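Notes follow once the structure below has been shown.
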Amino acid sequence: MEDLWTMFCRESTCTETDGKTCNSTFWHFTHPSSCIQQAMIICFNILLLVMLLFNMIQKSSSKTVGIPARFRNRSALQMASAIVNGFLGLGYLCFGIWVLEENLRKTQTVLPLNWWLLALFQGCTWLLVGLTVSLRGNQLPKTPLGLLSILAFIFAAVVCILSTFAILSEIVTVKIVLDALSLPGAILLLLCAYKGYKHGDGNHNTNESGLYDPLNGEANDSTKADYTAQVTPFATAGCFSKFSFWWLNPLMKKGREKTLLNEDIPKLREAERAGSSYLLFLEQSNKQKQAKPSSQPSILKTIILCHWRDIFVSGFFALLKIITMSSGPLLLNAFILVAEGKGSFKYEGYLLAMSLFFAKSLESLSQRQWYFRTRLIGLNVRSLLTAAIYKKQLRLSNAARLMHSSGEITNYVTVDAYRIGEFPFWFHQTWTTSLQLCIALVILFRAVGLATIAALVVIFLTVLCNTPLAKLQHRFQSKLMVAQDERLKASSEALINMKVLKLYAWESHFKKVIENLRAVEYKWLSAVQLRRAYNAFLLWSSPVLVSAATFGACYFLKIPLHASNVFTFVATLRLVQDPIRSIPDVIGIVIQAKVAFARVVNFFEAPELQSTNVRQKHHMENADLAISIKSGGFSWEENSSKPTLRNITLEVRMGEKVAVCGEVGSGKSTLLAAILGEVPNVQGSEYVMEALSGKAVLLVTHQVDFLPAFDSVLLMSDGEILQAASYHHLLASSEEFQGLVNAHKETAGSGRVAKARSSGSNGTSTREIKKSYVENQFKESKGDQLIKQEERERGDTGFKPYIQYLNQNKGFLFFFISAFTHLLFVGGQISQNSWMAASVDNPSVSPLKLIGVYLVIGFFSTLLLLCRSLSTVTLGIRSSKSLFSQLINSLFRAPMTFYDSTPLGRILSRASSDLSIVDLDIPFNLILSVVATINAYSNLGVLAVVTWQVLFVSIPIIYAAIRLQKYYFSTAKELMRINGTTKSLVANHLGESIAGAITVRAFEEEERFFVKILDLIDTNASPFFHSFSANEWLIHRLETFSATVLASAALCMVLLPPGTFSSGFIGMALSYGLSLNMSLVFSIKNQCTIANNIISVERLNQYMYIPSEAPEVIEGNRPPSNWPAAGKVDICDLQIRYRAGAPLVLRGISCTFQEGHKIGIVGRTGSGKTTLISALFHLVEPAGGKIVVDGIDISTIGLHDLRSRFGIIPQDPTLFNGIVRYNLDPLSQHTDLEIWEVLDKCQLQEAVQEKEKGLDSLVVQDGSNWSMGQRQLFCLGRALLRRSRILVLDEATASIDNATDLILQKTIRTEFADCTVITVAHRIPTVMDCTMVLAISDGKLVEYDEPTKLMEREGSLFGQLVKEYWSHYHSAEPH
């Protein structure tokens, strides 16, 4: 026992001022050098640690304590406590390490233990207790936490009093100052424990925002319990579990045992959910508005304020990583000195080997926390931006929608928010690389003295050369994003309207437009990637250039080169190589994020709808008014000289029914939009009552038949209300209204209308009509679900997606060139260092020869780097071109069944985010993963060659590492695949919401749709969160393995007899070994990144081989140029089903449409009318039978030859983004004169002439700046230009008034008098003038005859439909 005490204390004595020895009891308890006092303090530290352990055990065994939402937003008190106590603990640790180092330097022994052991104990205790109570106290039981903080306070008070006695005795040391400062730290801990946290009974409702409450408000206890059970274990994990990622083990195990499904992924904790992130963002934004009401709050500043604590903590771990990593070269220098017999004390080698392991383990721990926490910040930023973009698009004004198309808004979410979310991960590298270089320069100066200036000059020149490249890259990245937007806008428009393109045979033209836009995108993509390649070449070459310049300077400055200083230099350089080499990536990410952020900010600043002054709840003088507009003026365009609606005065009372009628373009739809707050009010006042109980009804209609049923009718013309009165009053007093009514009678044909009315005078009761409708509903086929869950690859696909990528356009060749040139480069580096190791201490090799050979090898190595960089860019561009070409060809050749069963969001997510990853990320990530793997294995190889004994440790560890990687990939790949499919859900909901924004606002359902997008964001974020967590889980374990290998190699060098290895080769081996951790991390990080990114190739590949339609042109069987000359259509036993195994939709229809006849097709909803038209255009393949047109079976000729010879006016009038001329004649086949003639015939000439630019007048996306009726007339214009012998009207008059319908019918009768016209009827009067009527029911031909004969036939389906029509008409008439 006495020996133990001696080891701890040796002889501690002091003397009083008179020279007598201090042996009093008071001295033993108060003097800082007293061993008894020090032993007591150590015991007290152990007590605190035991108490802390008790707290942790209590926490893990007790039920989960409820945590308030956004618990991560810690108070200023908590942060102050954490900072003070953290620095206090670090101070103790640094002091203890310094005392230990001084002991070793002066006495070459670690004894006595008391001073340094005490300081280390106090440092560890203060760090653990201080940070746990400050930051994690809310998850610990209240009573034990309070007891721990009280004990810490008592301990600190005692130590502070003892330090006061020492100060009074004029003894002031670092330890005494730290002891005195421990009391304020303990006071902060005490305040944290009792005031910083609000502990409850553990049953807090974490759903404070209310955003996630079920819509019906029926969230019961079982639902909450289920949710708690499904939340990620990270939410309740302790410190050890978080640092080691132990909390992820259950998911990793599950992923190994089975293929993960969506429901297997735990939900995010409350703090990471989109709702919480978005509310925090709004909260900070509102604080800024209150602080500076005059200025708009900065979005970037708001995001930083939301996450500054997390940024600070992750920055602390980044700093710790840099410090621990920088200790490596110093340890290597000490190791070489030991190998040369210049050690400080006997067992220094063992201590250095242990220190290496400890330093590398701490480096791994800090880097993993750095990366994990920054990824978490990025996830939160991405989620809140997605939510904010979605919220913003619901409020965009009409003018803003012209500037931000649906494709661009989709890009903001799928590409820009993703790029901004990536930035926090790289943020700390912007300053850690600089810090690392500064530390490296200090170490280099210590090793090679003034020669460091040469290294500094080369680094400065490298940065200087990089600056203009970075500016160019920023410019080119901006251009690339604009080009990407244009291409995505055109792709989105084409994909949405694919059916129209196929009907008009315009697919090839629109595909070429997209390919031309893609060619512009390639131009900027090549520019961006080449600048990135030059950056990579410059920065990968810089370590070679730095070493060449430094050793050259050593030669000229006569600085001697020895193994110790040479390999300290080499090791330092190797440690900063990877951070330097990642600078191009950092620059690229920063530029991408900056460009993306500017675009998103520009979107957030777009004008919004000012509808708050429209829907009000305040009390009005006339409370029964539902709508009131006084002298209102409304305009879609800002600063327009002529408002769309003028002098609108309107009052609608609650419960009143008002109809709005008028000709096409008169402003009916705009009036409804104005009432809904969609059109800016430029003059007058407007009021709309909200949440009406007895709702007022406003109906815009062209069906004059139903107007008598309304209390009031508004007659509109040219943006004004001409008259407002009852139906009969208007009929008697208004000539314009009489014109509309007469036009309706003329449209149907007065004689036949009268006959139809008389035959249907008895009518059909409403009950009968309802009964027939219900029966028809029950007859619907019960086939399989049309839109299925998105498919994804499952299990380990091995190298399949990589082969798919490299198989594109000589990809394997350029990949091989890149990999092989890098292999040669690594060989060159090893040759350089081997030459230096073998010759540095060889007196027969002159310094000039030593450095000269080194420089020559380095020069040729840099040329290899240039070759590698350029071949990587070539690989990426060529593969991108090939993949896109196959994707676009596949999509444009896909049958309509594919588009009917595939939500647009799935396609657009591939055409935007997946394609962006393939373009920008995959080529460099793929090569870097190979490069980093070669580097890691070369490091391990050099270590093993020099110290072959380490193979006994490294081979089992390599085997374990490979097994661990396989274990990881079984889970990680499924997580990324699920991330891809759930990303499509976000894009799909966003696209639907953009398209239906007016409807969403009209029903005031914005909040419900916003809640849904928040849920989808979380569903997508959860697999991403667990994916990057799994990445850190793997790397942390592999780094521990590599630290073990390095420590084993160091131990081998210590254990083997001196002289076994030369100091040069020991230096070389350890310089490679020190960078083993970093190269392994770089390798695994890039392998994981490419494994995640290659999922995008998988997803593109799924849509690259869609079964295509029949060929566009069959060269051996092309129809004559004048086909069809007559227009006769024979339908022979036609059978249609939409998918294999599905029931027949058309069941054996046979009939003949004679040339020149006007054919009407009627039937109830779902009877098969539109399917018959689809079959005529070969949009669906017949399951049996055929269609013969003028003697040619349409299935034997190419689709383009077929569809380009038919004319159609489709059911949904579609206009495309561009100009008037382009919308009528996209293929540029007609002259302007021909187009004007057609515009005149379809009553659009005046409307187009009113526009300033005539045929070059703007048509925005979806044609929303033209009325629905005008759009329908544009479609008529297309048909007139084509002049086909067969014209199909697919319910084409649904959107136009009777007067315009009359014009359309007369135009068709005149212009297509000798053509076959096939009309799918929407209004029964439309087909009354047809030559023949074909009635279809449930896919079968029921009757086919002249309309008059069918009306006279007993039990005729057509007759019944006519009766029902007039029954509705009679019920609408006033009695």
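Residue 1 is the first one shown; counting continues down the chain.
Cβ atoms here come from the backbone N, Cα and C positions, even for glycine.
TrEMBL does not curate its annotations; it predicts them automatically.
Sequence annotations record features per position, and here TrEMBL assigns transmembrane segment to 36-57 (among others).
What TrEMBL lists as transmembrane segment is 77-100 (among others).
Taken from TrEMBL, the feature transmembrane segment applies to 115-133 (among others).
Here TrEMBL flags 145-168 (among others) as transmembrane segment.
The transmembrane segment annotation in TrEMBL covers 174-194 (among others).
TrEMBL lists 311-337 (among others) with the feature transmembrane segment.
What TrEMBL records for 312-592 (among others) is domain 'ABC transmembrane type-1'.
Summarising the annotation, TrEMBL assigns transmembrane segment to 349-366 (among others). Only residues 6 or more beyond the boundaries of the transmembrane segment (349-366), in the same chain, are considered here, and those with a CB under 8 A from a CB of the stretch are 104, 243, 317-318, 320-321, 324-325, 327-328, 331, 334-335, 338, 343, 1035-1036, 1039-1040, 1042-1044, 1046-1047, 1050-1051, 1053-1054, 1077.
Long-range Cβ contacts of the transmembrane segment (437-464) within its own chain (Cβ-Cβ under 8 Å, at least 6 residues beyond either end) map to 322, 326, 329-330, 333, 538-539, 542, 545-546, 549-554, 557, 559, 564-566, 568-569, 572-573, 575-576, 579-580. Among the features that TrEMBL reports, transmembrane segment is placed at 437-464 (among others).
The annotation transmembrane segment is assigned in TrEMBL to 537-557 (among others).
Beyond the ends of the transmembrane segment (812-831), by six or more residues, the same chain brings 544, 806, 857-858, 860-861, 864-865, 867-868, 871-872, 874-875, 878, 926-927, 930-931, 934-935, 938, 942 to within a C-beta distance below 8 angstroms of the stretch. Taken from TrEMBL, the feature transmembrane segment applies to 812-831 (among others).
According to TrEMBL, the feature domain 'ABC transmembrane type-1' maps to 812-1092 (among others).
Within its own chain, the transmembrane segment (851-871) is flanked in space by residues 533-534, 536-537, 540-541, 544-545, 547-548, 551-552, 554-555, 814, 817-818, 821-822, 824-825, 828-829, 831-832, 835-836, 927, 931, which lie at least six positions past its ends and keep a Cβ under 8 Å from the stretch. Positions annotated as transmembrane segment by TrEMBL: 851-871 (among others).
Sequence annotations record features per position, and here TrEMBL assigns transmembrane segment to 940-962 (among others).
Feature annotation from TrEMBL assigns domain 'ABC transporter' to 1129-1363.
Within the chain carrying the transmembrane segment (940-962), a Cβ under 8 angstroms from the stretch's Cβ atoms is held by residues 830, 833, 1038, 1041-1042, 1044-1046, 1048-1049, 1052-1053, 1056, 1061, 1065-1066, 1068-1069, 1072-1073, 1076, all 6 or more beyond its ends. Sequence-distant neighbours of the transmembrane segment (77-100) (same chain, 6+ residues past either end, Cβ-Cβ under 8 Å): 110, 115-120, 122-131, 133-135, 137, 174-175, 178, 181-182, 184-185, 188-189, 191-192, 195-196, 309, 316.
It is 115-133 that, among the stretches 115-133, 311-337, 537-557, forms the most Cβ pairs under 8 Å with the transmembrane segment (174-194). The average pLDDT computed over the domain 'ABC transporter' (1129-1363) stands at 85.
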